[in-house]
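Per TrEMBL, the features are:
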ACT_SITE  Cys64  active site, proton acceptor
ACT_SITE  His97  active site, proton donor
BINDING   Asp7, His8, Gly65, Thr66, Gly67, Val68, Gly69, Asn98, Arg108, Arg131, Arg135  D-ribulose 5-phosphate binding site
Amino acid sequence: MIALAADHGGFQLKEAVKAWLEEQKIPYEDFGTHSEASCDYPDMALPACRAVVEGRCEKALLFCGTGVGISMAANKVHGIRAACCSDHFSAKYTRLHNDANALCLGGRVVGPGLAVELVDVFLHTAFEGGRHQRRVDKLSAIEREGSR
Ligand code: RB5
């Protein structure tokens with residue numbers, strides 16, 4: 001199950017990605033927003049990210065105008081490793097090396113064609129583990145032990 005969330009700036013792109021997920025028969029849960037009315041990206045990110053860290057969803061696809069604000073919100077949630085990407089290489093390597101569990105896309109940055117390519121590679125690339133596991137473990141240690 002894939003968690004989807006967007007603010008108004010990412011709403012149209014979320015809808016385009018949702019149509020592609022349906023074509024691919026990939027199940028999703030849409031945590032909103034459901035219109036272009038102005039809303040606040042942290043409010044939309046939180047329930048989708050909770051679904052991931054609680055194990056109800058495998059990964060999150062998050063959308064705002066730039067992808068940046070909603071990635072900042074997502075990365076405040078312990079257990080989320082969110083990557084804001086607008087190129088194929090980053091979307092692939094954030095899975096291979098960072099075990100990212102949330103992909104953030106900018107509705108004012110990428111078009112729907114590129115967005116579904118980024119989502120496709122993100123959803124279908126496995127974490128490499130090995131030396132990268134040690135680094136991901138250190139990210140988790142910062143969450144557990146704090147940054148000071
Ligand atoms: C909303 O206008 C916009 O600020 C938001 O979608 C996002 O781009 C923030 O990072």
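Just so it is clear, glycine is given a Cβ too, placed from its N, Cα and C backbone atoms.
A quick note: this is a predicted structure, and the numbers were derived from the prediction, not measured.
Among the recorded positions Asp7, Cys64, Gly65, His97, Arg108, residues whose Cβ is positioned under 6 Å from ligand 1 are identified as Asp7, Cys64, Gly65.
Shown are the recorded positions His97, Arg108, Arg135; the one with the most C-beta atoms within 10 angstroms of its own C-beta is His97. Each of the binding-site residues Gly65, Gly67, Gly69 was assessed for Cβ neighbours inside 10 Å, and the highest tally belongs to Gly67. Cα-Cα distance from His97 (active site, proton donor) to Cys64 (active site, proton acceptor): 24 Å (rounded to the nearest whole number). In terms of Cα distance, the binding-site residues that sit within 10 Å of Cys64 (active site, proton acceptor) are Asp7, Arg108, chosen from Asp7, Arg108, Arg135. Within 10 Å of the C-beta of Cys64 (active site, proton acceptor) we count 33 further C-beta atoms, all protein chains included.
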